[in-house]
Amino acid sequence: MNTTLEHDLNALRAVAPLVHNITNYVVMNYSANALLAVGASPVMAHAIEEVEEMAGIAGALVINIGTLSAPWVQAMKLAMKKAADLGKPIVLDPVGAGATHYRNTVLAELLETAPPAVIRGNASEILALAGLGGQTKGVDSTASSMSSLDAAHALSERFGCVVSVSGAIDVIVQKDRVSYVENGHPLMTKVTGMGCSASAIAGAFCAVQPDSFLAAATAAATMGVCGQLAFSKATAPGSFQIAFLDALFELTSEKLVELARVR
Amino acid sequence: MNTTLEHDLNALRAVAPLVHNITNYVVMNYSANALLAVGASPVMAHAIEEVEEMAGIAGALVINIGTLSAPWVQAMKLAMKKAADLGKPIVLDPVGAGATHYRNTVLAELLETAPPAVIRGNASEILALAGLGGQTKGVDSTASSMSSLDAAHALSERFGCVVSVSGAIDVIVQKDRVSYVENGHPLMTKVTGMGCSASAIAGAFCAVQPDSFLAAATAAATMGVCGQLAFSKATAPGSFQIAFLDALFELTSEKLVELARVR
Amino acid sequence: MNTTLEHDLNALRAVAPLVHNITNYVVMNYSANALLAVGASPVMAHAIEEVEEMAGIAGALVINIGTLSAPWVQAMKLAMKKAADLGKPIVLDPVGAGATHYRNTVLAELLETAPPAVIRGNASEILALAGLGGQTKGVDSTASSMSSLDAAHALSERFGCVVSVSGAIDVIVQKDRVSYVENGHPLMTKVTGMGCSASAIAGAFCAVQPDSFLAAATAAATMGVCGQLAFSKATAPGSFQIAFLDALFELTSEKLVELARVR
C-alpha cells in the first residue's frame, strides 16, 4: 500500500485534477478549500445547461445529496450519465440516507442512472442504502463502521462499485477486497463537511488512480492522517477545521506513508 | 437563572438534539459548525418533498429568511405547519425585515402559518416586524436593542411568542416577562452569521428546555459568554470567528454560570 | 495614487456602504466576512421579488456567476437593470468564463443588460470573455495577467468599463489608462473565493470612489497588501484565509499606502 499512497498523492499534485462537484450548500466552501489544499482544482456547477459540459472537462464527478432538491437531482442525473459515458469516475455521497423517504428514492434513482466508482458514507447511511435498516439521525451516524461491513459488501456486489465507510475505523470494500484504515480523530465528527470533504478528495484520487479501491483507501488515509496532524495543533473544532486544511496542504507523501495505518 | 443555565447546557449535551434548519446560504456552514460545537446535531434540508418528514424527526425547527426565494418560502411553510402540528418548537429569524417589501410580506405569511416559539432578530428587524418603523440597512441593525422593547412586547402579545432581541444588551420578552443579557462583544457584529447562529442555538435549547423564554435567555447568554471568551483569544474577526466555535465547544456549565450576566 | 488609497479606505470605513451581492454559493460566507472585515456592509439577496429594491438601497451591486442557474441569471438581469437606471456601480465577476457554453452565453446577455463599472476576473476569464481564446480550467486561470492585456483593452473599449485582471501582477485597464498592482501572494490561489472577494471589495470601493478605475486599483492593492500581511502570519491556506480576514480588519490607510506597489 505504501507505493500506492506515495504514487497517488504525488500524482494528485502533479496533475491537479479538475473535480466537478454537485454538492450541498453547507460544505461547498470547505470542500473547495480541502480540494485546493490537497492539490486538486475544484469546480462547483449545478445548472442543467452546463453540468454535462463541466463533467466532460473534469477528471472526476462528486455527487452529494446533502441539501438536495428536484432541480439539483435532475442536474446530478445529467452529469452522472455524461461522466459514465465518458468513463469518468463518479463518487456518490449518500448524505442522510435513511433520514427521509425522499433521500432514499433519489438515491435509488441516482444509482440506477449511472454506476458510481465509489460510494462513500457513514455507517448509518451505508446500512440504510443497503436496505439493511440502521437508524440515521439527520446526517450523523448512529452505527459503527464495522457493523456495516455486510451492508458494504452487499452494496458493492449490487452496484459493482467500491464502498467506503467512514468511522473510527474506515472500511473500504470491493467484492472480495477489504481494506481497513485506522487513522483519524473523533474531533472530525464535530466539524461539518468532513465526510463530504472525504468524498470530494476520494474524487480527486479517483482522477489519478484508475483502481478506485486503491484511490478510496488513499483518500481515507489522507483524511485520517491529516485529522491526526490537525489534532496535534488544535483540540477544539473551530481551530481544528483550519489546522486540517493546513495539514492537507503541508502533507508530504513521506509523511502520509509514515503515519497511514492501512491494512 | 443559574440553575436554568446549568440545566439547559447539560441537557443539550446529553440529548444532542437534532435541529432542522431552513436557513440562508451565507451562514449554513457556520451555523452547522456552531450547533455541532455546542453539542447539538444540525441538519439542513429545504426540499418540499422532505421538509415535513425532517421536521418530524427533529427536536426543533429554525427558519431563517436571509436568502429567501419562493420555493424556499413554500418549504418553510410546510415545515412550520408540520412542526406546529407535532408541538415542536420553531425559532424564526426575520433577517433583513424591513429591507424589502418581499421580506415583510413573507414574514407576515410565515407568522400566519404557524406560531413560532421564539422570534430572534436585531433591533431594526424587530422594529420593522412590529410595524413600528425602524430603518434596516440590508441585514445590519441601525437601532439599539433597548429601543425595540415596545416592539418586542407588541410582537410577543400578538403572536404569543418569546421575542429575543440581540444587541449590546440582549432583551428577551414574553408577555410580562423580561430578561436582559449583558454579555457579548462588539466584534460579533463583524462576523457574518453570528445572529443566525444565535437563532440556531436558540433552537437547540428550545429542544431541551420546554419554557422557551428560559431557552432563549440561555441561548443569548451562551452566545454572549462565548463571544467574550473568544475575544480573550482573538481580537480580529477572522480568528475571532474560529475562537468563537472553540469557545462553544469548550464551554462548561460552570463557566457559563460564572460569566453569564442575566437579569 | 497614495492620496487615492488613503481617501478610499477612509471613505469606505466612514460610509460602510451596503454592497448587494448576487454571487455563488461557494464564496458567500467568505465574501460577506471579507466585506464586514474591511468595513462595508454586505447583503446577499437573489429573489426576483426583491433584487430591484435591494439594488436600490445598496451603494453597489456585485454580480458573480460562479454557480449560476436560470432563476439566478434572471435575478441578476433585474438587479443590473435597476442599478444601471439608478446610476449605481456594478462589478461583474465572470467566474469560469470559457469553461462552458452556458457561461459564455449568460455573460454575453449580462453585458448586454447593463454596462458594469468594473469587470474583474483572472486572465483566462478575461481572455475568454474578450473572445480571444484562452483556456479556462474550471474556475482557475491557466494564463498570466500580463498576457491578457490586449483582451482587457478590447473589453474596456467594447463595454466602456474598467477591466481588472488578477494575477501575480494585477492589471487594471480603462481605455488609455493602465495601472499595475504588484502586491499579493501565490497562496491566495489556494483559498477559494479570493477572487470573488476581490470583486466584492471592488464593489465596496466603487460605492465610495466615483472613478471606478481608481476604485478598482485601490481594491486590488487592498487585496494584495492584505495577502502579504496574512502570509507574514500564516503559510498554509487554512490559517492564511483567517489571517487574511484579520488583515482586512486591521489594515490602516497608512499601512496600505506604505505597502501598496501601484504604478
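Glycine is no exception: its Cβ is also placed from the backbone N, Cα and C atoms.
Automatic, uncurated: that is what TrEMBL annotation is.
Bear in mind that the values here come from a model prediction, so they are computed numbers and not experimental data.
Feature annotations, reproduced from TrEMBL:
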- C:Met44, C:Gly193: substrate binding site (BINDING)
- C:Arg120, C:Ser166: ATP binding site (BINDING)
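This view paints the features noted in TrEMBL onto the structure.
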residue  : record                 : contacts (Cβ under 8 Å, 6+ apart)
C:Met44  : substrate binding site : C:Asn21, C:Ile22, C:Thr23, C:Met28, C:Ala32
C:Arg120 : ATP binding site       : C:Val91, C:Leu92, C:Asp93, C:Val163, C:Ser164, C:Val165, C:Ser166, C:Gly195, C:Ala198, C:Ser199, C:Ala202, C:Ala216, C:Ala219
C:Gly193 : substrate binding site : C:Val26, C:Val27, C:Tyr30, C:Ser31
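Proximity to chain B (CB-CB distance below 8 Å) holds for C:Met44 among the binding-site residues C:Met44, C:Arg120, C:Ser166, C:Gly193. Contact annotation for chain A: of the listed binding-site residues (C:Met44, C:Arg120, C:Ser166), none places its CB atom under 8 A from a CB atom of that chain. Of all Cβ atoms in the shown protein chains, 27 besides its own fall within 10 Å of the Cβ of C:Ser166 (ATP binding site). Secondary structure at C:Arg120 (ATP binding site), as computed by DSSP, is strand.
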